[in-house]
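A.B. asks: I have a structure I would like to understand better, so I am pasting it below and will then ask my questions one at a time.
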Amino acid sequence: MSKFVFVTGGVVSSIGKGIVAASLGRLLKSRGYSVSILKLDPYLNVDPGTMSPFQHGEVFVTEDGAETDLDLGHYERFTDTAMTRLNSVTTGSIYQAVINKERRGSYNGGTVQVIPHITGEIRERIHRVAANSNADIIITEIGGTVGDIESLPFLEAIREFKNDVNRNDVAYIHVTLLPYIKTSGEIKTKPTQHSVKELRSIGIQPDLLVCRSDKSINEALKKKLSGFCGVSINSVIEALDADSIYSVPLSLKKEGLCKETLNYLELEDKKCDLKNWEQLIHNLRNPGGPIKVALVGKYIELGDAYLSVVEALRHACIEQKALLDLHWVSAEMIEKNSAETYLNEVDAIVVPGGFGNRGVNGKIAAIKFARENKIPFLGLCLGMQCAVIEWARNVAHLPDASSSELDPNTPNPVIHLLPEQQDVVDLGGTMRLGVYPCRLTKNTTGKNLYDEDVIYERHRHRYEFNNYYKQSFLDSGYKISGTSPDGRLVELIELENHPYFLACQYHPEFLSRPGKPHPLFKGLIKASQDKLTQSN
């Protein structure tokens, strides 16, 4: 029988509920409990798959092909547990399900209302995660801020939820902000008091308060919050701003978050084993020399658009005892100037995924610069497609080569639409999504990095390498180091006589974990270190 923890947020948005939920998951797992975490998002989109990265940040793809909120990436990285499409719920998906049931006559002609039908569907989704995962503890993060009209059905649903189970099977955690007023030199508790009052008004009494602050909270403040908010003083948890998100589990452990949560759930506070995590933080805080990595993208104004890529680079640098010196490079600025202007001093170049024409020629120019100047390079999804186009134009004597996505009239579509995508009209959830196998070719860098015959990687694309051009690429020096098991889809390519030049059709960043960096990212950083050592 699963226990349930609900994480809400107050005072301001983007307060770090996802990191708190993920950190609690890490702490529970370190005590031997199995955990699954789901996100309830209050927007009307069915999923974030068609949302602009500027609006939402990256789309995180699960093993079963769901396009989800980036917080699921945090959940997976912190707990090292794969989530599924059940772990991502939006208002849009809830309403869609309820309306479909109404159309099928599932409500027997009754009036369909927010209460009980919408809230009932939300509760059902939470129970479904528990049944599917069979986890000891289900952590649910409610998106938005207490007081937002969009979040009300979700808050009502988690209020009702305590009637579905025993009271000791549920714990409510409220993440809030304690602002520091410089002019008075005081930390203010009033916003938190009002946020808790708002929660109470809809029938939820938080069991724990996680208080974000950039100043330490003394016992007097904790006592004040305890009295006004109706929680035990031991359940007022200080959450100071951290130097890294990966240090948050350690600080919350010190504050007793996990111990107090287990106390409310009437579960044993087992011995906590965080030795590997502590070593990770030690390595993070004591790096070796810097590695200058250029991330050449089109959404660089919002770093969250490439969140998993950045974290994968960070994991690799921690493992290799290097300091990540990340350079955000606009592909459009390369088009306006030159690749050399922005990339001349970097040690490695990464070209991540994306869609559409904007900035593509800048990405292609960056790849050419990496190839010609022997700079370690890694291309992801569209990054691989751009690498194919660059080689076709500049080496394989196909100067007018392109992708049929970028130029439908190109005479040499070295990248073309997947056959199964030919008749697809809808955009949402219709790409090649989720985990697919890839067979690696012997005597290649890719095979050596993975040390496996068959790997499983997550995908999100509509276009692929055009096999009509495969032989001409092989003849001109390209190596295909990974394909689908039937050999039809090219998944991984590389170049010989280069320190490190690999590009993949899949998204390896989604499988990178702190303490277990992805082989392609680890290989990139190691190659950069080796090249620096040789040059010195």
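The backbone N, Cα and C atoms fix where each Cβ goes, and this holds for glycine too.
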A.B. asks: Return the residue out of Asp69, Asp71, Asp80, Asp136 that Swiss-Prot annotates for the same ATP site as Ser14, Ile15, Gly16, Lys17, Gly18, Ile19.
C.D. replies: Asp71
A.B. asks: With Ser13, Asp148, Ile149, Glu150, Lys188, Thr189, Lys190, Pro191, Thr192, Gln193 listed by Swiss-Prot as binding CTP, identify the candidate in Lys101, Lys223, Lys224 belonging to that site.
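C.D. replies: Among the candidates, Swiss-Prot records only Lys224 at this CTP site.
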A.B. asks: Can you pick which of Glu332, Glu335, Glu340, Glu405 Swiss-Prot lists for the same L-glutamine site as Gly354, Leu382, Gly383, Met384, Gln385, Arg462?
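C.D. replies: Same L-glutamine site in Swiss-Prot: Glu405.
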A.B. asks: Beyond the listed site residues Gly354, Leu382, Gly383, Met384, Gln385, Glu405, Arg462, identify every same-chain residue whose Cβ lies within 8 Å of the center of their Cβ atoms for the L-glutamine site.
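C.D. replies: Near the L-glutamine site, the remaining chain residues are Gly353, Phe355, Cys381, Cys386, Ser403, Ile415, His461, Tyr463.
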A.B. asks: Measuring Cα to Cα, how many Å separate Ile19 (ATP binding site) from Glu141 (Mg(2+) binding site)?
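C.D. replies: Here the two Cα atoms lie 10 Å apart.
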A.B. asks: Counting distance between Cα atoms, which of the recorded positions Lys17, Asp71, Glu509 is nearest Gln193 (UTP binding site)?
C.D. replies: Lys17
A.B. asks: Restricting to the chain of Ser13 (UTP binding site) and a gap of 6 or more, list residues whose Cβ falls under 8 Å of its Cβ, or answer none.
C.D. replies: Gly144, Thr145
A.B. asks: With an 8 Å cut-off on Cβ-Cβ distance and a minimum sequence separation of at least 6, pull the same-chain contacts of Glu509 (active site), or say none.
C.D. replies: Ser308, Val309, Glu311, Ala312, Pro352, Leu380, His518, Phe521
